[in-house]
């Protein structure tokens, strides 16, 4: 029968031998070692941030333009049927769309001013994806997106009833300027909605790029 202590006394175990303590753990990365993959491309993340900042400013400018034109069309649009003058703002649907466009316009102007100030001061145009300012901007963008979509739906519903002659307003069975402007104002509001909706997701697109690095 073999000695049961043979394995213990072999080189497999340290056999209680003392080892000299070390003050420092060995370095994980030695000279000449390739850097970890997640450190590569830090400059690319910064480039993505700059590109998204420019896109954010462009979307704000486009939204302002669409809303200004839409407000002008809604406020000035009127038509005449016999001795009755019809105005777009006589409709509660268009009043709602007009009010939403005003709110979105003011909000986008404020956001654009803040972006320009940050650019002049050399700061980031877009806040970090996890910062409170970014969350507040996202919530405002999302809320205004839904409000604009509701306003667009109200404008389309009004125009559909006008086309069918069920609104009590001008008859739009034929082509006329009044009905054309109604449709144009709704279309411009929809384009403003698209710009706000895209802007609402820019910070989270940045977060995706950061996580992909």
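Glycine is treated like the rest: Cβ placed from N, Cα and C.
For the annotation N-linked glycosylation site, the record in Swiss-Prot points to 90 among the listed residues 28, 90.
Both residue 96 and residue 132 carry topological domain labels in Swiss-Prot, but the labels differ, so the record puts them on opposite sides of the membrane. Of the candidate ranges 54-74, 97-117, 185-205, 185-205 contributes the most Cβ pairs within a distance under 8 Å of the transmembrane segment (138-158). Per-residue pLDDT, averaged over the topological domain 'Cytoplasmic' (1-53), rounds to 55.
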